[in-house]
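What TrEMBL annotates here:
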DOMAIN    12-141  domain 'CMP/dCMP-type deaminase'
BINDING   N53, V54, E55, N56, A57, S58, Y59  substrate binding site
BINDING   C64, C99, C102  Zn(2+) binding site
ACT_SITE  E66  active site, proton donor
Amino acid sequence: MPLAVEEEISPELRLKLRELATAVAQHSYSPYSHFRVGAALLLTDGTIFTGCNVENASYRLTSCAEQAAIARAVSELGPRIRLRAVAVANLNDSASMPCGACRQTLSEFGDDDVLILYPAEHNEPAETTLGALLPHAFRGTFIEPK
């Protein structure tokens, strides 16, 4: 059943997103940093997509988990996807949240109220919003022709 944007994301769904992010991190290709990351995206229609980080010897070519999940969602559903929540997880038992590039990428497909679920210190579940992580995001509306 699709999830309306206005609906609260239940504790069970939050847990499911965290579990999916942790599970997909198992597939990470991270031979250089050994920092295995997974992401699970909840779209406004209730669809969930996952992705993991894929490193490259030329570090700049590394794909983050969040970006991999977005690419998968866009590939399957098209460019009009909208984010409702994003869970990130890593297998290193350390705190982490989306990097700056991922925050900007997430803002391309979501508003300030997108829920971000992430592991805090000692892998304690924590959450925030995309707007809190990236206030005053640079959005496509800034470059649209007038």
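Numbers here mean position along the shown chain, with the first residue as 1.
Keep in mind that glycine also has a Cβ here, set from the backbone N, Cα and C atoms.
As the structure is a computational prediction, the values presented were derived from the model and not from experiment.
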Within 10 Å of the Cβ of Y59 (substrate binding site), how many other Cβ atoms can you find? Include all protein chains, please.
9
Using Cα positions only, nearest of the recorded positions to C99 (Zn(2+) binding site) (V54, N56, S58, Y59, E66):
E66
If the Zn(2+) site is taken as the center of the Cβ atoms of C64, C99, C102, which further residues of that chain fall within 8 Å of it by their Cβ?
A65, E66, Q67, P98, G100, A101, R103, T105
DSSP-derived structure type at C102 (Zn(2+) binding site), helix or strand or else coil:
helix
For C64 (Zn(2+) binding site), which residues of its chain lie six or more apart in sequence with Cβ-Cβ distance below 8 Å?
V37, A39, N53, P98, C99, A101, C102
